[in-house]
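A.B. asks: Sharing the record's features from Swiss-Prot:
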ACT_SITE  SER124  active site, charge relay system
ACT_SITE  ASP220  active site, charge relay system
ACT_SITE  HIS248  active site, charge relay system
Amino acid sequence: MTIRIPSGEEADYTLHLPRILCLHGGGTNARIFRMQCRVLERFLRSTFRFVYAEAPFAAQPGSDVTSVYKDHGPFKAWLRCTAADPDRSAQEVVKKINLSIATAMYDDDMRGATGEWIALLGFSQGAKVAASILYAQQTIQQRLGERAATRPRFRFAVLMAGRGPLVWLLPETSSGPGSIPMGLVDAASPSMLDSEPELPTDSTEHMLRLPTLHVHGLRDPGLSLHRRLLRSYCQSDSVSLVEWEGEHRVPLKTKDVTAVVDQIYALARDTGVLDSWC
């Protein structure tokens with residue numbers, strides 16, 4: 001399931017625009033995330049086309065979701081949220097995530113969109129998955145070089161309230177001893193782990209070096225974990241940071257959203273998506 005910009009003239013002019021693939025948090029869905037991102041999308045819709053992917057697994061919504069969106073189910077997740085959730089193999093999780101992403105992209109192509117896929121934008125569990133997708137892309141580029149050019153090449157990711165560790169999403173090597181870089185976890189692991197894996201002291205293999213923008217609410221109970229994702233899993237010269245006075249949610253006030261918008265435009269310019277401010 002993908003959630004689209006409304007049909008009509010408003011939809012038509014976005015068909016050629018660079019596309020941002022949006023990944024919702026655990027226990028919500030694409031429709032809810034579209035509503036949560038409504039202000040951000042309004043500021044950026046003249047330059048970028050937002051496409052919302054739906055996670056593959058049924059999930060229980062949190063109280064913060066049901067208080068506002070209780071009538072907007074079914075609720076979905078990308079990963080197991082807790083150890084109480086049904087067990088699934090890492091291979092199954094990776095396969096279903098890849099299928100959800102591919103379906104969202106294919107559906108948008110079938111609606112006539114032609115813009116390059118240039119970025120990922122995720123919130124909470126969706127941010128973890130977005131960072132992990134970017135890490136998988138980085139790994140593929142390192143291994144295949146120019147042969148990886150036929151795959152979608154995301155230039156950067158916007159990570160809102162994302163926590164580590166990164167998840168190993170390469171299906172051909174997602175199981176077996178020694179197949180996962182130290183510091184990462186396989187896709188069968190619950191995403192709300194109380195503890196994170198030990199990080200290597202003599203290697204930076206676990207580090208994401210492609211550009212990321214981190215958006216942190218300063219009143220978010222998980223702020224320390226979000227900062228750990230930035231500091232421990234993302235190379236320092238590739239990160240940008242926006243902090244705002246908010247809880248665990250997507251910014252809605254104009255002053256907070258414009259700070260995020262400014263950094264997205266800056267990343268788009270720096271990565272060659274835009275030659276100048278649009």
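Glycine is treated like the rest: Cβ placed from N, Cα and C.
Each of the listed features needs to be described in terms of its position in the shown structure.
C.D. replies: Around the Cβ of SER124 (active site, charge relay system), 28 further Cβ atoms fall within 10 Å across all displayed protein chains.
A C-beta separation below 8 Å, combined with a sequence spacing of at least six in one chain, links ASP220 (active site, charge relay system) to ALA161, HIS226, GLY246, GLU247, HIS248.
Of all Cβ atoms in the protein chains displayed, 18 besides its own lie within 10 Å of the Cβ of HIS248 (active site, charge relay system). DSSP assigns HIS248 (active site, charge relay system) to coil, not to a helix or a strand.
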